[in-house]
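Taken straight from TrEMBL:
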- 8-80: domain 'P-type ATPase A' (DOMAIN)
- 670-870: domain 'Cation-transporting P-type ATPase C-terminal' (DOMAIN)
- 134-155: transmembrane segment (TRANSMEM)
- 161-186: transmembrane segment (TRANSMEM)
- 640-661: transmembrane segment (TRANSMEM)
- 673-692: transmembrane segment (TRANSMEM)
- 713-739: transmembrane segment (TRANSMEM)
- 769-787: transmembrane segment (TRANSMEM)
- 816-836: transmembrane segment (TRANSMEM)
- 848-868: transmembrane segment (TRANSMEM)
Amino acid sequence: MLTAATSLIEAKNFETDEALLTGESLPVRKRVDDVFDDNTGPGDRLNVAYSSSTVTKGRAKGIVFATGICTEIGAIASALNKKDSRVRPVKRKENGKAGPHRYLEAYTLTLGDAIGRFLGVNVGTPLQRKLSKLAMLLFGIAVVCAIIVLGANEMRTPKEVIIYAVATGLSMIPASLVVVLTITMAAGTKRMVARNVIVRNLKALEALGAVTDICSDKTGTLTQGKMVARGAWIPGMGTYTVELTSSQPFNPTQGDIRFVKKQPHEIDFRSQSEKDDESTNSKGPITKIQQLLSDSKARLHEFLTIASLANLATVFEKDGDWHARGDPTEIAIQVFASRFGRNRLDVMSGDKPEWKEVAEFPFDSDVKRMSVIMEHATTNEHWAFTKGAVERVIGVCTRYCDNDAADGESSEVEMTDEFRQQILRNMETFASQGLRVLALAGRKLPAGADFTEDTPREQVEKDLTFRGLIGLYDPPRAESAPAVRECHEAGISVHMLTGDHPETAKAIAIEVGILPKRMERVSADVAACMVMTASAFDALSDDEVDKLPVLPLVIARCAPSTKVRMIDALHRRGKFCAMTGDGVNDSPSLKRADVGIAMGESGSDVAKDASDIVLTDDNFASIVAAIEEGRRIFDNIQKFVLHVLAENIAQAGTLLIGLAFKDQSGLSVFPLAPVEIVWIIMVTSGLPDMGLGFERAVPDIMRRPPQNLKTGIFTLEFCVDMVVYGLWIAALCLAAFVLRVYAWGDGSLGERCNEEYSEACETVFKARATTFACLTWFALFLAWELVDMRRSFFRMQPGSTKYFTQWFHDVWRNQFLFWAIVGGFVTLFPVVYIPVLNTKVFKHVGISWEWGIVFIAAGLFFGGVELWKFAKRVYFRRTAKKTTGKQWKDLDIEERVFGDYLSSGYDSSESRLADTGRD
């Protein structure tokens, strides 16, 4: 391992493994004579050997120019260890001087930050900061409520007035909030583990619901990380296209093959759709392997022989599963040959092998070819088989076959410059699909010649006959395209930041849906920004990046610093981004991102330490699952906080308005006893709040825009709902109290009814029990109503055909919430009817016909809440239609996500839709 950054001055077949730094999985061949621009990324500086890289081959000499923190790996460590100072800097003039007022300003701001940290209003997650501010606000309101109670009783301070003031203040304190929040977060992390996501930082749980952009790597995350053969072209024959039908790249029995007697540049690969039938598919019909072999006289057999034998990889079946060993590129070619029954193990092993290896010339990065010399067992003829880079292979080819002639019939013609250009044109066609293209060639060696591994390879790799091209690529995971589409439906943009070639990255991006298919609608300046190289992006200043019409969706040849700059650019545009990474080089970007996502299988320990969540399966679909789970947790936190605060408003409103009820001594008679308030807060509401935290995601949770963390859970809709539900409950509770006292009672409030029970206080005690029963039922019913904040309680599943019974299935689905509400109903009766406990502790007495008031009030509660939800649905539908003519969920996917690219002015409409949410 190298311990310093070295500028090479001499190298002999020198290669280093830079996976720790650049993420490249293959060793990098160094070249001493190359000169690069200053803005060249680390992965492309081939004349430098980096610190912490490992020498895999060769020898070299160089001059050390950086050690320790000054190296590339040191810069990464420095970025990880950088911490923000808690002391505010003094603002100075250009000459470095500062006035006394600047020092006072810095000291004041530093003291303010320290107080904020103590109170929790400027540390922790956004939700934690908002809840800290809410706690301070509610404490202030509780004090004001207590003062109002004292003022209403002319500042007299007998025991019952003090108790009334304490009860009123207590009604504003959400006692169960912290407990329920903690349990909900813990349950959320457990659910994420089941979906292959490990949460390392709790802030990620709330942050995931607000993600607007995902910056993802390609290899192994969006793709399988395993090469497969996608297409092949044989001169004189035609083009073969492999269509994979499973996620088993090593299995040669899976997938279909299309064949057409055309060259690749004559085929329109990108115009195909799922609706095309066999007669209109320009890649040809699906053809069986045996049919293809029988239709070919010799050319296909010769091509497959070279593919199988100029290859050191092996593919084999064991216990029903297919396995492979060797270089990923050679494995892909070997699987292609095995589809046609030309497996290397079959033709070179057994009692009577068909071929025997004589010599091997391994791949050399200077000539970019590898060759083998094979002896045919039957004829004893020696053959040279070669594969490698197209330009290098056709440079040593002098012939090619222009037709499919049978063995013994000559079909070879001289190679011309015109045909070489035709080969390169076909290669570019394959490359435009994101394929890595290799050429295959071979020749029969002269009889009697003695070729060994000591023979100069120039004598072997000459006068070859060109046999064809084969195109390889790392296929996308089967779940990547649906996952990207789901991101688009959720209003999340996906960016691919990869070290691959731009054309390869672009082809994969189009295949999985990261780039729009309707490119004809994209203007030239925008199209130029959609796919960029790291060198082009890094050459721009921050101001120039901000002036780009759009940020790129694909950045190729990406360096670690490029990822950090991309995150900063997204932040300057007000985006909230998640970043994936697996190498040490990704650690700064993982730390800088709002949500850092490390790979569990291929990721380094440094990357995992810098991340917020870890994917145990390295799958992009797991990111989408994590976002869905994050949105569910965010929704559920909003639901139970709304439930708690709406109850607090209801209790405080009931007690404050209840100040108007005064007994014969002029003291206020509370419609709810202090113990009743504590019982509802701690016992009745605690478990239903927890049950709301366990609710599953609503049906359209991934068909609405991301949450806004600036407002958090306290949106305008949330605040209005809180007030409306709280006042509606308070009004019904007060109505029940008034009806029992004045409509069906003697209208007497007695004397000292806040302290003890007497015959004179029977009306008050029964009215108090009626109010307590109403408030208990309302608190329980409100939990069910808040399962969905807009849809009707009786119609939470819009696609269901169970028009009259769907509500029962919905309430039974969350059994924790169901039994919590049932428990709340059951515990109400002992509290109301057990002697002594009811009169001495809860200050009420058992009721009988008063239950009629409770039932009617419950019906009015449901009617009022349902009417309010209906009004909200109508309002949001009309608002959405006024702004864009459509609701968010009804927008076309490409309009929703690629609106910035397809047309101008879309962002403003998107931001307006973000406030309208879902139906």
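Quick reminder: no glycine exception, Cβ is built from N, Cα and C everywhere.
Automated prediction, rather than curation, is the source of TrEMBL annotations.
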Requested in this report: With Cβ distances under 8 Å as the criterion, find the stretch in 673-692, 713-739, 769-787, 848-868 that has the most pairs with the transmembrane segment (640-661).
Outcome: 713-739
Query - Dominant neighbour of the transmembrane segment (848-868) in 134-155, 161-186, 673-692, 713-739, 816-836, by Cβ pairs under 8 Å - result: 713-739
**Report entry** Same-chain residues at least 6 beyond the ends of the transmembrane segment (673-692) whose Cβ lies under 8 Å from its Cβ atoms
**Finding:** 163-164, 166-167, 170-171, 173-177, 179-180, 183-184, 636, 639-640, 643-644, 647, 651, 655, 754, 768, 772, 775-776, 779-780, 783, 786-787, 814, 816-818, 820-821, 823-824, 827-828, 831, 841-844
Query - Contact set, same chain, for the transmembrane segment (816-836): CB under 8 Å, 6 or more residues outside the stretch - result: 679, 683-685, 687-688, 690-692, 694-695, 769, 772-773, 776-777, 779-780, 783-784, 787, 842, 844, 846-847
Report summary line: For the domain 'P-type ATPase A' (8-80), the DSSP residue counts stand at 19 helix, 27 strand, 27 coil
Requested in this report: State the residues, same chain only, that lie 6 or more residues beyond the ends of the transmembrane segment (713-739) and have a CB under 8 A from a CB inside it; answer 'none' if no residue qualifies.
Outcome: 127, 130, 134, 634, 637-638, 641-642, 645-651, 653-654, 657-658, 661, 671-672, 767-768, 770-771, 774-775, 778-779, 782, 789, 853-854, 857, 860-861, 864-865, 868, 872, 915, 917
Requested in this report: Mind checking which residues of the chain, 6+ beyond the ends of the transmembrane segment (161-186), have their Cβ under 8 Å from one of its Cβ atoms?
Outcome: 131, 138-139, 141-143, 145-150, 153, 202, 205, 633, 636-637, 640-641, 644-645, 648, 651-652, 655-656, 667-668, 670, 672-674, 677-678, 681-682, 685-686, 689-690, 693-694, 754
Query raised in the report: For the domain 'Cation-transporting P-type ATPase C-terminal' (670-870), what's the model's average pLDDT?
Result: 88
